[in-house]
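Annotated features, as they stand in TrEMBL:
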BINDING   A:Asp29, A:Gly30, A:Cys31, A:His32, A:Phe33, A:His34, A:Ser75, A:Asp76  GTP binding site
BINDING   A:Asp29, A:Asp76  Mg(2+) 2 binding site
BINDING   A:Asp29, A:Gly30, A:Asp76  Mg(2+) 1 binding site
DOMAIN    A:6-135  domain 'tRNAHis guanylyltransferase catalytic'
DOMAIN    A:139-244  domain 'Thg1 C-terminal'
4 protein chains.
Amino acid sequence: MANSKYEYVKKFEEDDRLPPSNWIVVRIDGCHFHRFSAEHEFEKPNDEKALNLMNACALAMLEQFSDIVFAYGVSDEYSFIWKETTVFYQRRASKMLSLCVSYFTSMYVSKWKDFFPHKELKGPPYFDGRVVCYPKSKIIRDYLAWRQVDCHINNQYNTCFWMLVKSGKTEKEAQEFLKGTQAKDKNELLFQQFGINYDKLPQIFRKGSSVYREKVENIVKVDGNGNPVRRMQSEVVVDHMDIIGPKFWSEHPYILKEE
Amino acid sequence: MANSKYEYVKKFEEDDRLPPSNWIVVRIDGCHFHRFSAEHEFEKPNDEKALNLMNACALAMLEQFSDIVFAYGVSDEYSFIWKETTVFYQRRASKMLSLCVSYFTSMYVSKWKDFFPHKELKGPPYFDGRVVCYPKSKIIRDYLAWRQVDCHINNQYNTCFWMLVKSGKTEKEAQEFLKGTQAKDKNELLFQQFGINYDKLPQIFRKGSSVYREKVENIVKVDGNGNPVRRMQSEVVVDHMDIIGPKFWSEHPYILKEE
Amino acid sequence: MANSKYEYVKKFEEDDRLPPSNWIVVRIDGCHFHRFSAEHEFEKPNDEKALNLMNACALAMLEQFSDIVFAYGVSDEYSFIWKETTVFYQRRASKMLSLCVSYFTSMYVSKWKDFFPHKELKGPPYFDGRVVCYPKSKIIRDYLAWRQVDCHINNQYNTCFWMLVKSGKTEKEAQEFLKGTQAKDKNELLFQQFGINYDKLPQIFRKGSSVYREKVENIVKVDGNGNPVRRMQSEVVVDHMDIIGPKFWSEHPYILKEE
Amino acid sequence: MANSKYEYVKKFEEDDRLPPSNWIVVRIDGCHFHRFSAEHEFEKPNDEKALNLMNACALAMLEQFSDIVFAYGVSDEYSFIWKETTVFYQRRASKMLSLCVSYFTSMYVSKWKDFFPHKELKGPPYFDGRVVCYPKSKIIRDYLAWRQVDCHINNQYNTCFWMLVKSGKTEKEAQEFLKGTQAKDKNELLFQQFGINYDKLPQIFRKGSSVYREKVENIVKVDGNGNPVRRMQSEVVVDHMDIIGPKFWSEHPYILKEE
C-alpha cells in the first residue's frame with residue numbers, strides 16, 4: 001500500500017533553517033519552577049544542590065553536542081551558544097530547540113537522585129525554550145552580559161528578600177520594604193541588618209555558572225624511557241567567573257572566534 | 001544596577017506566533033532510538049512495554065494540556081493535535097514545541113521504571129520535534145491517516161523482517177529477501193512460512209495508539225434517596241482503532257469540530 | 001570563470017513559500033498619497049477619476065493574473081485575493097507581493113494620462129504592500145467586510161469633514177466639530193446642514209469597488225443556418241455592490257469556492 | 001459603526017521585521033524582460049539606453065531613500081544595499097520590498113520617454129523582488145562580487161552569442177557553437193573572428209553599474225571678501241568600476257562601515 005494519497009500533508013511543513021554566519025542561542029527555562037522549587041523544598045534564595053544539578057546537565061550537553069561552545073546558567077535557566085558555523089541538523093530551528101530541551105530534561109530527571117538522594121520527584125520538571133540568532137560575537141558577549149547582570153540583580157534582591165522573610169517579615173512586607181531600593185541600599189541592608197558582605201557570598205550565586213571547554217595539558221602516556229608524554233586536551237569545565245569584562249574572553253579567544 | 005545597556009539583545013528574538021484558525025500539530029520523534037532500543041533490548045518487531053510507556057506519557061500530556069484534543073503514536077513517535085482555537089502561550093511555536101517535547105521526555109524518564117522495573121536506563125532517552133499548522137480539520141484527518149498508513153506499512157515490513165531473522169537469516173539476507181515485495185506477498189510469507197495471520201496480530205501493533213477524551217457517564221454521587229447521580233464526564237483514553245475511515249470520527253464529532 | 005567562490009551568498013535567501021490551502025491576500029496601499037492627492041489636486045472627499053484609475057489598474061491585474069479571484073478597492077488601497085490553491089511562483093510571498101505591487105504601479109503610471117489628460121504627474125506615485133494568508137473562505141468574507149466597513153466609516157467622516165471645510169470651517173475646526181460624533185449624527189449633519197442624503201451618494205464612494213469575473217453568455221459566432229451560437233464566458237467587471245451580506249456571494253458561489 | 005466585529009482578521013498579519021545588525025539587500029529583477037526587450041527592440045547584447053534608464057531609476061532610489069548605501073545593477077536587475085542599522089519602516093520586510101520595487105517601477109515608466117523619446121511603451125514593464133539579510137559587511141562584498149562576476153560571465157557569453165547571430169548563424173547554432181567554451185576561448189573568438197578586444201568594450205557592459213554617494217568638495221557660497229567657501233558634500237553618482245577587489249572599498253570606507 002502506497003502512502004502517496006496522504007503525503008501531501010508534508011507540504012505544510014516549513015523550512016526553518018536558521019541563517020548562516022550567525023551564532024545560535026538556545027535558552028531554556030524551567031516551567032512553573034516557582035511551584036516546583038516549593039514542592040521540593042529548595043533552599044532560598046539559592047539551593048546549591050539544585051544549581052549543581054542544572055550545571056551537571058549543562059556539562060552533559062557540551063559533552064553530547066560538540067558545536068555548543070559555551071553555556072551560561074542562572075537559577076532555572078540555561079543558555080547554550082552554538083558556534084557560528086554549526087551545521088547541526090542543517091541549522092533547523094525546531095530540531096535544535098527540541099533536541100536541546102529534551103536532552104536537558106532527560107538529564108535533569110535522570111540525575112535528580114544523584115543530587116537529591118533523599119527526595120522523590122513529586123511532579124515532572126520540564127522546560128520551555130527559544131532559539132535566537134546573533135550575527136556577531138560582540139553581540140553574543142552582550143547577550144551573556146545581559147544574563148549575568150540579570151543574575152546579579154535577581155540574586156541581590158532575592159538575598160535581601162529571603163533574609164527579611166527569615167527574620168520574621170511576611171513575603172508581602174519584605175516586598176514592600178524593598179520597593180524602590182537601589183543596589184547600594186540593598187548591600188547596606190545586608191551588611192547592617194544581617195552582617196552579610198554581599199561580595200563575599202559564593203560566586204556561583206552572584207555570577208551564575210559558565211560551562212565551556214578548557215584547554216588543559218594532560219599526561220596521555222609514558223614513553224619507552226619512562227618519560228611522561230603530555231598533550232593539550234580539551235575538557236568541559238564549570239566555573240563562576242565574570243563574563244562581562246574582557247579578561248575571560250581574552251584568555252579564551254577560541255570560544256567566540258569569528259570565521 | 002539597570003540592565004538597559006545590554007537589553008537590546010532582546011530585539012533579536014522573533015515573534016513566532018502561529019496563525020489563528022489553524023490546527024497545530026506537534027510531532028515528536030525518538031532521537032537515535034534504533035540504538036536506544038538495542039541498548040535496552042526492546043523486543044522485535046514491537047516491544048509492548050515500550051509502546052505502553054509511550055502511551056502513558058501521551059496520556060499524561062492530554063491530562064496536562066487541555067487544548068490537545070487528540071494524540072496518535074506509533075513506534076517512538078507521537079503526534080499531538082492542538083485545537084484550532086488554542087491560545088496556549090499565544091500560539092508561540094517555540095513555546096508549544098519545547099513544552100511538549102520537554103514534558104513528554106520528563107514523563108518518559110520518570111515512568112521508565114514503572115514499565116521496565118528490572119532495566120536501568122543506560123543512556124538518556126530524548127526526542128526531537130516539529131510544529132506544523134493545518135488550516136482545516138479535513139487535512140488533520142488526512143495527516144492522521146498518513147501516520148496510520150505509515151504504521152501499517154512499517155509494521156508489516158518489520159514483522160516479516162524479524163521473523164526471517166529469528167528463523168536464521170542474517171539482517172542483510174532478510175532485507176534482500178523483502179526487497180520489492182508487495183503487501184500481499186508479505187501477508188502470504190507470514191502465513192505460509194510462519195503461520196501468522198497478519199490481521200490477527202494485536203491492534204496496537206497494526207493500528208498504532210490513539211489518545212483522546214471519551215465522554216463517559218459516571219456515577220458522581222448518591223442523592224438523599226440513595227439514588228445514584230450520573231453525570232457525563234470526559235476521560236482520557238488510549239485505544240487502537242482505525243482512524244482512516246469515517247466511523248471513529250462520526251462517533252466523536254467533538255474532537256475535530258471546526259469553529 | 002566559475003562563480004562558485006561567491007555563490008555561498010545564496011544560502012542566505014530564505015524559503016518564503018506560503019502554506020498550502022490558504023487564500024492569499026495582497027493588499028497594496030498608496031505611499032504618501034495624502035501629499036500626492038494634494039499635489040495633483042484630487043477632488044475631496046472623493047476624486048472619481050482617481051478612483052476610476054485605481055479600478056482600471058485592478059481590472060488589468062485580474063486580466064494579467066488569472067489566479068486572482070477578487071479584488072476590492074477603496075481610496076488609494078486595493079486588496080487582491082488569490083485563490084486558495086494557487087501555485088503562482090510556488091506561492092513565494094516575496095514574488096507574489098513584488099509582482100502585484102510592481103504591475104499595479106506600472107499600470108498606474110501608464111494609465112495616468114488616460115484619466116488625467118490635462119495633468120502631468122508631478123512625482124512618482126508608489127505603493128507599499130503586504131501579504132496575508134487566510135485559511136478559510138469564511139474569513140476572507142470577513143476580511144472583505146472589514147475593508148468595506150472601513151470604506152463606509154471613512155467616507156462618511158470625510159464627506160462631513162470636507163462639506164464643513166467647503167462651508168468655511170478650517171480643517172482643524174472641522175476635525176474638532178466631528179470629534180465623538182456617531183454615524184447617526186453625521187447623517188443628520190449632512191442632511192440638515194447640507195441637504196445631502198448620504199444613502200443617495202454614488203455607490204462607488206460608499207461601497208468601494210469590487211473587481212471579479214462575471215459569467216456572461218456571449219454570442220461567439222453564427223452557425224451555418226444564421227443562428228447565433230452562445231457560450232458562457234468569463235469577463236472581468238467592476239462593480240460597487242455590498243459584499244458584507246450574503247446576496248452577492250450566493251449569486252457568485254464560484255468566486256470563493258473551497259476545494 | 002464600529003469595525004470591531006471584523007477586525008480579528010488583522011491577527012493573521014505576521015510580524016516580518018528583519019533581524020537587527022544585518023545589512024539588507026533588496027534585489028529587483030525585470031519580469032519577462034526577454035519579451036519586453038524584444039518588443040521594444042533593445043540593442044543586443046547590450047542596449048545602452050535601457051541600461052541608462054535602469055541607472056537613472058537606481059539613482060533616484062538613493063536620492064529618495066537615504067538608508068540605501070549602495071546599489072549595483074546589471075541588465076534588468078538591481079540590488080539595493082540598506083545600511084546595517086536602518087530602521088526604515090521598522091525593518092519590515094514587506095514594506096521595504098514593496099516600496100523599493102514600486103518606487104523603481106514608477107520611475108522606470110515615468111522616465112521611459114526621456115530615454116526612448118521615439119518609442120511608446122507597448123506593455124507594462126514590471127519587476128519582481130526579494131529581500132535578503134547579510135550579517136557582515138564582508139559578506140555584502142562577496143554578494144556584490146557574486147553579481148559582478150555574473151555580469152562578466154553573462155556579458156562575455158552574450159557578446160559572443162550576438163556577434164555570431166549578427167554574422168549569420170541562427171540563435172540555435174550560436175548556442176551550440178558556444179557550448180563548453182571557456183573564458184579564454186570566447187575572448188579568442190571575439191578577437192580572431194570579429195576583431196573585438198573584449199577588455200576594450202565599455203566598462204558599463206563589462207562591470208555593470210554602481211550607484212553610491214561620493215564625497216565631493218563643493219563651493220557652497222562666496223564669503224564677504226569674495227573668497228569661495230568650500231564644503232564636503234555627498235553626491236549620488238553612477239560608476240562602472242571593479243567592486244571585487246579592495247581598491248574601491250578602501251577608498252570609500254564609509255559605505256560599508258560596520259557599527
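Backbone N, Cα and C define each Cβ position, glycine as well.
It should be emphasised that the depicted structure is a prediction, and the values quoted were computed from it without experimental measurement.
A:His32 (GTP binding site) falls within neither a helix nor a strand when secondary structure is assigned with DSSP, and so counts as coil.
The average pLDDT for the domain 'tRNAHis guanylyltransferase catalytic' (A:6-135) in the predicted structure is 97. Each of the binding-site residues A:Asp29, A:Ser75, A:Asp76 was checked for a CB under 8 angstroms from a CB of chain B; none meets this. Take A:Asp29, A:Gly30, A:Cys31, A:His32, A:Phe33, A:His34, A:Ser75, A:Asp76, the residues named in the record as contacts for GTP: the widest Cα to Cα gap among them comes to 13 Å. In the structure as shown, the Cβ atom of A:Phe33 (GTP binding site) sits within 10 Å of 19 other Cβ atoms. Under DSSP, the residues of the domain 'Thg1 C-terminal' (A:139-244) split into helix, strand and coil as follows: 56 helix, 26 strand, 24 coil. Figure note: comparing Cβ neighbours within 10 Å for the binding-site residues A:Asp29, A:His32, A:His34, A:Ser75, the maximum is reached by A:Ser75.
Secondary structure counts, DSSP: the domain 'tRNAHis guanylyltransferase catalytic' (A:6-135) has 57 helix, 31 strand, 42 coil.
The record gives A:Asp29, A:Gly30, A:Cys31, A:His32, A:Phe33, A:His34, A:Ser75, A:Asp76 for GTP. Within 8 Å of the mean position of their Cβ atoms, the other Cβ atoms in that chain belong to A:Phe36, A:Ser37, A:Glu77, A:Phe127.
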